Every structure is written in C-alpha cells, then in structure tokens.
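Visitor: I am attaching a structure below and will ask some questions about it afterwards.
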Amino acid sequence: MTISKGETLPAGSFMTPGPDGPEKISSDAIFKGKTAVLVGVPGAFTPTCSLNHLPTFIEKNDELRTKGVDEIAVISVNDPFVMKAWRDSTSGEGKVTYLADPQGEYVTALGLDMDMPALGGKRAKRFCLLVKDGVAEEVMVEESPGESGDTDADALLKRL
C-alpha cells in the first residue's frame with residue numbers, strides 16, 4: 001500500500017556517497033526533527049531524472065530552504081557508486097543528499113516501487129514527499145515515470 005498523507009515513514013537505512021566510500025545512513029538522520037523532501041526517481045542518469053526532475057531541486061534549493069525545508073534527498077534503486085557518480089555529474093553536492101536503495105527495500109516499504117524490466121527490474125516510482133519529523137505531509141506521485149511536472153520542485157513549492 002502506498003504511503004499516504006499523515007502516515008509515518010518506515011524506518012530504514014540507505015547508502016550514501018562519503019569521502020572515503022559508501023556510508024550507511026538511517027532514515028532518522030534524514031527525517032527526525034526535520035522538514036525534509038524525499039525525491040524518488042526511477043534511475044540515476046536516466047533522461048527525465050537527470051535533465052528535468054532532479055535539476056529543479058538543485059536550482060530551487062535556496063527557495064525551498066527559505067520555505068523551511070531542512071533536507072533534500074533523492075533516492076533511487078541504484079548502488080552507492082552509481083549515486084556518487086550521479087552526484088559528481090550534477091551540481092547537487094552540498095544541496096541534495098543522494099541515497100542508494102540498492103535492493104529497492106525502502107521504496108517498496110513506501111509502496112512506491114514499480115517493475116521496469118527494461119531498466120533492470122524493480123525501480124522507484126517518480127515521487128516527491130514532504131516529510132515533517134518523519135510524517136508524510138505531502139505525497140506526490142507521477143502517473144508516468146517519463147513525466148516530472150507533478151513532482152518537481154515547482155510543484156512542491158506551490159504546496160508550501
């Protein structure tokens with residue numbers, strides 16, 4: 001079942017690029033006591049994710065933070081080395097936390113996974129969650145993984 005507005009996000013852990021290699025990070029470190037945005041993408045380096053969706057959160061970072069957002073994280077069913085390479089290819093370092101969910105366990109727990117055999121199997125749906133102290137305040141999910149207008153930073157800013 002897909003997470004709904006007002007529900008607590010599940011506990012979990014991710015891998016994130018660190019200075020000395022992949023580091024484990026808990027969902028509490030991302031969400032506890034914070035206003036956070038969790039952006040789900042079907043895959044790092046895919047055209048919509050890299051050219052349309054993620055760039056809006058990098059470009060609108062200051063505006064989102066002015067509106068009270070403490071943390072912006074992007075999650076994908078990729079390994080931490082892919083997420084590091086993606087981070088390094090964007091201007092997102094220091095603005096966005098890149099979370100690897102290699103087996104798709106966290107996006108499945110959110111009910112925001114999908115099967116995409118052409119892209120390697122389990123993937124995250126394209127989504128944007130506004131999370132306050134671990135509780136989903138806004139749940140935005142695209143109907144089509146190739147679209148991003150309903151889940152980009154501009155769509156979120158309209159709800160803040």
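Even glycines carry a Cβ here, placed using N, Cα and C.
Residues annotated as region 'Disordered' in TrEMBL: 1-24, 141-160. Annotated domain 'Thioredoxin' per TrEMBL: 3-160, in sequence order. The active site, cysteine sulfenic acid (-SOH) intermediate feature in TrEMBL is assigned to Cys49. Marked as compositional bias 'Acidic residues' by TrEMBL: 141-153.
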Visitor: Could you tell me what the rest of the chain brings near the region 'Disordered' (1-24), counting residues at least six beyond its ends with Cβ under 8 Å?
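Guide: For the region 'Disordered' (1-24), the sequence-distant neighbours (Cβ-Cβ under 8 Å, at least 6 residues beyond its ends) are 30-31, 38, 75, 79-81, 83-84, 87, 97-102, 105-106, 109-112, 129, 131, 134-139, 141.
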Visitor: Taking the Cβ of Cys49 (active site, cysteine sulfenic acid (-SOH) intermediate) as the centre, count every other Cβ atom within 10 Å, in any protein chain shown.
Guide: 24
Visitor: Restricting to the domain 'Thioredoxin' (3-160), report the mean pLDDT as a whole number.
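Guide: Across the domain 'Thioredoxin' (3-160), the average pLDDT comes out at 93.
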